[in-house]
């Protein structure tokens, strides 16, 4: 198929372009041109197809692209065709908007013959109208505002304009300003007025209202403008803008008194700027935004952040907000003490102090240990010492009440000395720990003993968890520093049967707060023994080091946590000596019992 100019149409090559005459109309004018190369025709067709696809992706229909290409020609560039499409599309939209069908479609009638009720669609108000309808009406005391802006000397009408503009910027539409009518008269030297033209401009906009006044017999009769202000604000449920408290009007009607107390908005002028307070009814009242609304917005009840921050020393009594503190409800000291009392094990009834502290003469200072029936000798292992005043009730036993001291061929295991239940765990009296860490150390030294034997002979110290009983126990007493009580540590060790314990280093004290007296002179042995070198595997050395270390860890932890918690956790983990790990275990133990 050929055109009159002797040129084949491109639509034969690309059937998708058959909608339009893609020939160049301008090329047909004049002399006929020779036929182009088929490769060139195919390239031009593919380029044209790319343009068409591009315009279709932009959202234009085939008819719009057809008309634009017929008007501009195939060789027009993309920007020119796109500009034509934009113009054509905007014109089409205007035609569609102008030709909208004014008659609505008839409603669907259900079967049964009953006519449906006409659907009444409430007109949706614009967002600005909704916002303004939610705001309260504003009634401004014009005389008070103008005199305040004029520093109580000049009636400055500019102050009224500043107040009106402030409320207009917030979206208020119902604004009324009351001014006595004599203020629009010619000003006198004794009553100066500035910017008087503002009153007339606001009156034309129906914002300002002049209260009536007249002259009778050469005298001006002025109506009380304050009554106009309060009455209109009360009837319209609005807000009064004034620094006057209207005491005389509060006494006239009880409802006016309450209304003035709740709806009076005071203000200040700062460098020609109208500034009402952010809290019109005080610190604990509503915000200014909610004060000017009919329906207050829900506000976040969040306390003001504490000005001291982390340096605040008020604790839970601080009424400000601390973001660094946990959100859980704070407990008072009394509640903490009650919770700790629930965690502590039940205590046995304590007898009188006279029964707690028996006389030294009535205290037997002996401890007998029977060998097992299967032992080869079958003898009784016993150690006796003369009664002395060096023992107290807190250091008389080496095992909890109701437990006998196990003996296995003269070999003692430290793990058998430890209590296995929480109820049998000993605890230190709290009244002995109320004096601080110093009292605690003296209490611990009294319970365990810091050294044993003579000065030339260092003995191992007893650990704090071998167990001890309360005052008044009926178990046989043991010397305060006997090696049987000091046998705590890893591994077993043996004690010779003919071993005689050394005399005590410190005499007894009647009260724990008394200082230690000077130690008695040590008797000189006739046959001094040679100091035996301690082997690396000596169990006495290991026991001594372990007991000292556990005693130090216990003392440190008791300065932070209650003693019964420390004893309970260290009883559960006898081989654990790391204070940090023990502290973590104490916290977890405490949280578990709190949850219970």
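Any Cβ shown, glycine's included, is placed from N, Cα and C.
Per Swiss-Prot, the stretch carrying the note region 'Disordered' among 278-306, 481-509 is 278-306. Region 'Disordered' is the annotation Swiss-Prot gives to one range among 24-44, 549-569, and that range is 24-44.
Nonlocal intrachain contacts for the region 'Disordered' (278-306), taken as residues 6+ away from its ends with a CB within less than 8 angstroms of a stretch CB, comprise 134-136, 138, 170, 172, 237, 239, 262, 264-266, 312, 318-323. If you take the C-beta of residue 226 (Mg(2+) binding site) and look for same-chain residues 6 or more apart in sequence within under 8 angstroms, you find 141, 244, 246, 248, 249. Secondary structure from DSSP puts residue 226 (Mg(2+) binding site) in a helix.
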